[in-house]
Amino acid sequence: MAGAAAESGRELWTFAGSRDPSAPRLAYGYGPGSLRELRAREFSRLAGTVYLDHAGATLFSQSQLESFTSDLMENTYGNPHSQNISSKLTHDTVEQVRYRILAHFHTTAEDYTVIFTAGSTAALKLVAEAFPWVSQGPESSGSRFCYLTDSHTSVVGMRNVTMAINVISTPVRPEDLWSAEERSASASNPDCQLPHLFCYPAQSNFSGVRYPLSWIEEVKSGRLHPVSTPGKWFVLLDAASYVSTSPLDLSAHQADFVPISFYKIFGFPTGLGALLVHNRAAPLLRKTYFGGGTASAYLAGEDFYIPRQSVAQRFEDGTISFLDVIALKHGFDTLERLTGGMENIKQHTFTLAQYTYVALSSLQYPNGAPVVRIYSDSEFSSPEVQGPIINFNVLDDKGNIIGYSQVDKMASLYNIHLRTGCFCNTGACQRHLGISNEMVRKHFQAGHVCGDNMDLIDGQPTGSVRISFGYMSTLDDVQAFLRFIIDTRLHSSGDWPVPQAHADTGETGAPSADSQADVIPAVMGRRSLSPQEDALTGSRVWNNSSTVNAVPVAPPVCDVARTQPTPSEKAAGVLEGALGPHVVTNLYLYPIKSCAAFEVTRWPVGNQGLLYDRSWMVVNHNGVCLSQKQEPRLCLIQPFIDLRQRIMVIKAKGMEPIEVPLEENSERTQIRQSRVCADRVSTYDCGEKISSWLSTFFGRPCHLIKQSSNSQRNAKKKHGKDQLPGTMATLSLVNEAQYLLINTSSILELHRQLNTSDENGKEELFSLKDLSLRFRANIIINGKRAFEEEKWDEISIGSLRFQVLGPCHRCQMICIDQQTGQRNQHVFQKLSESRETKVNFGMYLMHASLDLSSPCFLSVGSQVLPVLKENVEGHDLPASEKHQDVTS
């Protein structure tokens, strides 16, 4: 599209023009009324947000929740295992919900039974454990468990159950089954009743491809063979992804087992799924454990147990989540009322996916190279073969893949929520990305695990980016997503037109005169502010330069009897105003995690880093740590530490200053557990007074907590480095390491790039101070060359030695102006372009050795002597000589 746009100028591409004219017409929306109005009424929380992870979890509507809570307020629901009136009401309501579920899937209780589970994964586990497997013997055949390689982890995990009982598991590639379908043969040896199980997804959660539902009958009848083994085949259809946006007719496609998760369909409740079991297969299921409510009779002292006759009651151990089951009724009612049914949702979501697919496929760099690589087994020609999922990786103009983690960070700057990784589907990930089994093992050895941010290893992607649509998705969402791709990859805010989408509530094409169509303008300007950014434009936005721009900052007043100058300071020997190469120019600590910096010229060093650096953090009412990613206004909270009075003074505009003691009162302190970067830390609440102060400032409940002095949080092995012998680094509430160092020359290089005029002749100016504050470093040095610090393995600052752990992988927080709280995504984007692969800036440090028997300090003006990586073995050489090898 972009390449063509260079020739056709500003010609807009209509929504109808994006489709094949010969293709069947598809609907957008749900009849009379604007979809925008529905969004505003039912999903007002999405204002300013583009949510594109519906395959992960779709969203509940406001009226759905209101209807459910009203039900709870008006009725008394007791335990369904009791016999009182409220319990009878619960039992009868739950049974009605079972019927409603069966009706939703076009079947009845004559054919299927609904077994409630904790989710589709629990339903799969139930089948794996209860299926009538026959173990393979020395001279006898056994059952086979076959599964499509394009399956969720929870399906593949069933093989561990079968392996334990000597049942062979066989993965089947989609292409092998497609080719087998073409040459399907008649059933062989129909008298053999050895039970086998074949599992496949109705829709791939990786690419959205939809596999033929006809496979169910073909496999069961013996016309299609997953493997050439005689016996009776049963079919498990993993419908969790498929039924979120499409109707499933179980009267026509009678799979034996169908696991589903309800939050995939209407967002709430979570933690509730079901296994739909065909009644002809139900008697074959075997069960070992029995829980409450599943027994007709049993003896506690003898091996006597009679199960319930009802299949559902036999397998639903304990009390089901009956209130969540009742919530399903309101989910089905709301879905029907808002959309008219699953067929409409199917058409609507596919329309969005098809349009996005065509637009993405057409995006090109000026040199003709594609902007994205889409992983798909279809051309998005029909909702029968493709669901509303698009899986892709972003490319640069040379065809190199941009890591998915980097794309995710950029998307968050545009308030776009998407999914990255392999999506719990390693088989499809390997197939589409060309990752061999050996590469998977190699990636694991390199430190990559499922769900992390290690997106590229030796230039090879370990995963991809996925967007997916739900019933409340709109063309506005698509436009915002396309603007994001164009803005970040084609480096323009106006030269490349975004397709203009005209959609009516029935057919594609230009809207009729009397329609209430959603018309999406081709706007390429700056995106609208998110709710957080809107909040920042109010009265509490100001320049807090008094905190960070007061240079030089007077050193803290310390007890002179205990704080004599150390060799570290004496070794610097550099007077203020006469700073030479490789000296410390600025020192910052951040007493409250994610809040404003406290700049000093001289500060004590503790065993966790600078004394009191990130010793406190702000948490929400659930005890979850807040960062500037969720609450940019944290940077407007200004802490000051007074070591003499042993207090921290906290200031913010419009608020009276408040004092917090530096240490806890051990007699009154109640220790509680918190988490920082997956680590458990012991903390204590700093009291109701500061909690009220913070809650008033942020407009929501907040607490200030401090790491307990008895808390021991050890540094992990990261960045591929071991700690030096004899050291055991401990951490405060920092994310990664004790210190972060940045180089002024590196800031200058980024400053130059940011202040370069763009194609429109505009200039976006960032001061050096602004840029340096965004990176929230502890130590700033004035090195000679940009990014030379990335070649260092150790440094000495005076007599203190530090190990260089590795680079800091930057996130979207660097886009937040630390003096105003406003966002500007260009900082991250420019850094991403200049660093090419990873968005790295600054180096993590930790103490190589530290003797705290006498006070130690870091000071502005101290000399910084680096040790190069290639010379790290030669510790006998003076650091200055090693440095001169490359800088002289």
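The chain as shown is numbered from 1 upward.
Keep in mind that glycine also has a Cβ here, set from the backbone N, Cα and C atoms.
Features reported for this protein in Swiss-Prot:
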- SER34: phosphoserine (MOD_RES)
- LYS264: N6-(pyridoxal phosphate)lysine (MOD_RES)
- CYS424: active site (ACT_SITE)
- SER528: phosphoserine (MOD_RES)
- SER530: phosphoserine (MOD_RES)
- 706-867: domain 'MOSC' (DOMAIN)
Grab the pLDDT values for the domain 'MOSC' (706-867) and give me their mean, rounded.
82
How many other Cβ atoms are found within 10 Å of the Cβ atom of the residue listed as 'active site', counting all protein chains shown?
19
How many Å lie between the Cα of SER34 (phosphoserine) and the Cα of CYS424 (active site)?
36
Measuring Cα to Cα, how far is LYS264 (N6-(pyridoxal phosphate)lysine) from the residue listed as 'active site' in Å?
15
When you measure from the Cβ of LYS264 (N6-(pyridoxal phosphate)lysine), how many other Cβ atoms are you left with inside 10 Å?
25
Let me know how many other Cβ atoms fall within 10 Å of the Cβ of SER34 (phosphoserine).
15
CYS424 (active site) - helix vs strand vs coil (DSSP):
coil
